6 protein chains.
Amino acid sequence: MTEATLTHLDEKGQARMVDVGEKPHTERSATATAIIYMQPETLAMIVEGKHKKGDVMATARIAGIMAAKRTPDLIPMCHPLMITSVKVDLVADMDVSCVNIEATCKTVGQTGIEIEALTAASVAALTLYDMCKAVDRGMVIDQVQLMEKVGGKSGHWQR
Amino acid sequence: MTEATLTHLDEKGQARMVDVGEKPHTERSATATAIIYMQPETLAMIVEGKHKKGDVMATARIAGIMAAKRTPDLIPMCHPLMITSVKVDLVADMDVSCVNIEATCKTVGQTGIEIEALTAASVAALTLYDMCKAVDRGMVIDQVQLMEKVGGKSGHWQR
Amino acid sequence: MTEATLTHLDEKGQARMVDVGEKPHTERSATATAIIYMQPETLAMIVEGKHKKGDVMATARIAGIMAAKRTPDLIPMCHPLMITSVKVDLVADMDVSCVNIEATCKTVGQTGIEIEALTAASVAALTLYDMCKAVDRGMVIDQVQLMEKVGGKSGHWQR
Amino acid sequence: MTEATLTHLDEKGQARMVDVGEKPHTERSATATAIIYMQPETLAMIVEGKHKKGDVMATARIAGIMAAKRTPDLIPMCHPLMITSVKVDLVADMDVSCVNIEATCKTVGQTGIEIEALTAASVAALTLYDMCKAVDRGMVIDQVQLMEKVGGKSGHWQR
Amino acid sequence: MTEATLTHLDEKGQARMVDVGEKPHTERSATATAIIYMQPETLAMIVEGKHKKGDVMATARIAGIMAAKRTPDLIPMCHPLMITSVKVDLVADMDVSCVNIEATCKTVGQTGIEIEALTAASVAALTLYDMCKAVDRGMVIDQVQLMEKVGGKSGHWQR
Amino acid sequence: MTEATLTHLDEKGQARMVDVGEKPHTERSATATAIIYMQPETLAMIVEGKHKKGDVMATARIAGIMAAKRTPDLIPMCHPLMITSVKVDLVADMDVSCVNIEATCKTVGQTGIEIEALTAASVAALTLYDMCKAVDRGMVIDQVQLMEKVGGKSGHWQR
């Protein structure tokens, strides 16, 4: 049995970008989500009334997509990879007063793309915070988590 | 009474970087937190045994600090500002099997530094995810939230 | 009479970032424009019918704002400065089948902000190209130019 | 007949980075141009006399090449790709008092490289503006346009 | 006999990113070193006593790894490539009062990875300088050099 | 007597960006040098004969200037600051077959600018390596060191 290990640490516990050069190029995708809770009045400002057609959701969507591409600049041991697709969806839920964010990234490469999807969802949520903070400082980002990954040696994983 | 508005939108609802040129330069600080939940075995790998002195916590701490400086590159309407201090603390909680992350940023400037603190906490959490994902894909980042801000026209705010 | 000189070259003609440390901090703003010409069918896809509420204009607007912040990374001798405001407007002109782009940037600093405004207008135009290139490769970006600058030693300038 | 569509928008008109994972890796190249018009005295300062051997043209050439590599950071829906070659030529035209800029980029990949060539030409032109703005604020950048593309499913395209 | 040439210059001596599109994708690795000399008291602060378990070495290691990924942003004619592995080792030498830095980078690609390894070693050394400059401004970085490269048309090279 | 400490570490030895918010804004400058040794034939290719007017020196100069601006992105605990001037000089020494690089940076701010000058000199040297590596892999970068700093609480320092 192979013992589970933290691959980005060497035998001395020092950080390294683990060698993936031997791994085959395969199609991979990952979907991550985040939820941002806010005051009902804040959510209403985004989805109806005065700012209905405003750029809030679009700004968060675009920020999430761009952040996926910047992931290796932000996450120290993350390998660069050629993203072939990014999609960020934001859906307002008026009942529990939140925005549900779902990000899906794809690549053909030697490493998984989970961290890119998580980064896209996180930065989309942070952008919503930034766009609304003047009216609601108490917003909370929750459940930033991987929902599914496809491809790679470890295969299919689903929450 | 002034109506609350989303300052990064103009009267047509279009995104803009709101003008802060008239605001005075004042000392500001902000503290944000995030929590990342993981399997007890994962947490144990970080804080004791084999990788006790390993770089996992240090990598997350450094990634959070560097991300604070990259905030205006990530968050579309965020003003650039001169960060004067960043501190990211990570504390393992074995009882509930999580790492508590707290980031504090300071500046002397015309806009608040809340989003920088939230970004630092988020990226530190994402980095922990990246460092441990080979052994635990189900980790969840929760409660990314502002705890306190000091300075600026809106004054002191505390959760 | 002082002879006009290219300030970013030294006496040997070598590039340098000219010293502005002695200049006072003053309020400065600059407005630049760009025009992108396209097929009437392309323009129609953006402003009416199927994609009427689509993200094309928002994506260009946000890209322009973010590019203004990246200007010192792109333009070798450009000084970093603290942008206090960016606004990018895009207006479709159905008569001549183009989109008129206007970018205004402000700062309080030691150097002008003209190049930031020109970069914002250029990148907004390039983003429109990217968003529409699948249907119209022949689009042309024209008249990228400064319209007005205010503040600084050279004072007010208007085209 | 397939209806022409804006590929970076989904069926709801929301921006996404369109999926290119199924497309084959092929050799691709693109050539774009830009023209910057300036006062004859400004052009003379660059190409003859005092600054004849100066760094103005070299600075613009290098800025254009570096900008090609930064394109996915600037253009929100642009896919990252592995540029295999960039060339930026600047030729002064004393008769009409302008500099003609031509940028050619190549890659082997799943998406075209047109936007990289256009970005390289644009940033080279913006850099010339920055280098000369102290003596000539009225310079105009015109005809930023694709001249030719080779490779990819849509094949050869020429203006 | 082929005359040796500077490949990043064209026949007119102008900088270009040389075309590597025809070169095969091969496995490549490169190892570079750097040495930073400091006062014995400075070195002692890093490796023993008060800061024994401190983050100085980890910060330098992580900075070097991240810098390897940023190399094409820093070195104008450097091709982007997909790094598959980075390792940065720092070893204190109390006898000559220095830290020996060794960086190894790997890729599968069309160009060599020497400059990435040299950049990683350099930035790790600069980071040590930054971490210790408050107590020792006179530190010197020496012998930044390639030790070995493997793969590519020019084959194996060793100092 | 105040004990000398590594300011970027807290009392637990954890990396932080030390708080400079209380420090006054003062004029500061720093000069750093680097030397790159190469084969006489390599140096001859840069400074005479075929590539005499080539872009090698200009490319290194521009890369160094741009790197100074990127310093806080590269060096984890380095504060962002507003550089007001950068100058990078490269002088070939045919006698010992090397290029001497000297970088001077200035700012008005709360922290020193030594690390920016050292980064500019290092990246200029690395760029020379990159431009010439096709003909000379054995080049060595030596004596990357601070020569002088002016301003700030610690005052004037000279090697």
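Including glycine, each Cβ sits where the backbone N, Cα and C put it.
Because TrEMBL annotations are produced automatically, they should be read as predictions rather than curated entries.
Quick look at what TrEMBL lists:
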DOMAIN    F:17-152  domain 'Molybdopterin cofactor biosynthesis C (MoaC)'
BINDING   F:M77, F:C78, F:H79, F:I115, F:E116  substrate binding site
ACT_SITE  F:D130  active site
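A map of TrEMBL features onto the structure.
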residue : record                 : DSSP class
F:M77   : substrate binding site : coil
F:I115  : substrate binding site : helix
F:D130  : active site            : helix
**OP:** Using only the Cα atoms of F:M77, F:C78, F:H79, F:I115, F:E116, which the record gives as binding substrate, return the largest interatomic distance in Å, rounded to a whole number.
**Re:** 13
Subject >> Neighbourhood of F:C78 (substrate binding site) by C-beta distance under 8 A, where only residues 6 or more apart in the same chain count >> reply: F:M17, F:T71, F:P72, F:I115
**OP:** Just name the recorded positions among F:M77, F:H79, F:E116, F:D130 whose Cβ comes within less than 8 Å of a chain B Cβ; none is a fine answer.
**Re:** F:M77, F:H79
Subject >> Against chain E, in sequence order - recorded positions F:M77, F:C78, F:I115, F:E116, F:D130 with Cβ under 8 Å >> reply: F:M77, F:C78, F:I115, F:D130
Subject >> For F:M77 (substrate binding site): intrachain residues, at least 6 apart, with Cβ closer than 8 Å >> reply: F:H8, F:A15, F:R16, F:M17, F:V18
Subject >> Between F:E116 (substrate binding site) and the residue listed as 'active site': CA-CA distance (Å) >> reply: 21
Subject >> Sequence-distant neighbours of F:H79 (substrate binding site) in its chain (C-beta under 8 A, six or more apart) >> reply: F:M17, F:V20, F:P72, F:Q110, F:T111
**OP:** Please work out the helix, strand and coil residue numbers for the domain 'Molybdopterin cofactor biosynthesis C (MoaC)' (F:17-152) from the DSSP assignment.
**Re:** 49 helix, 47 strand, 40 coil
Subject >> For F:E116 (substrate binding site), the number of other Cβ atoms found within 10 Å of its own Cβ >> reply: 28
Subject >> Neighbour-count leader, CB within 10 A, recorded positions: F:I115, F:D130 >> reply: F:I115
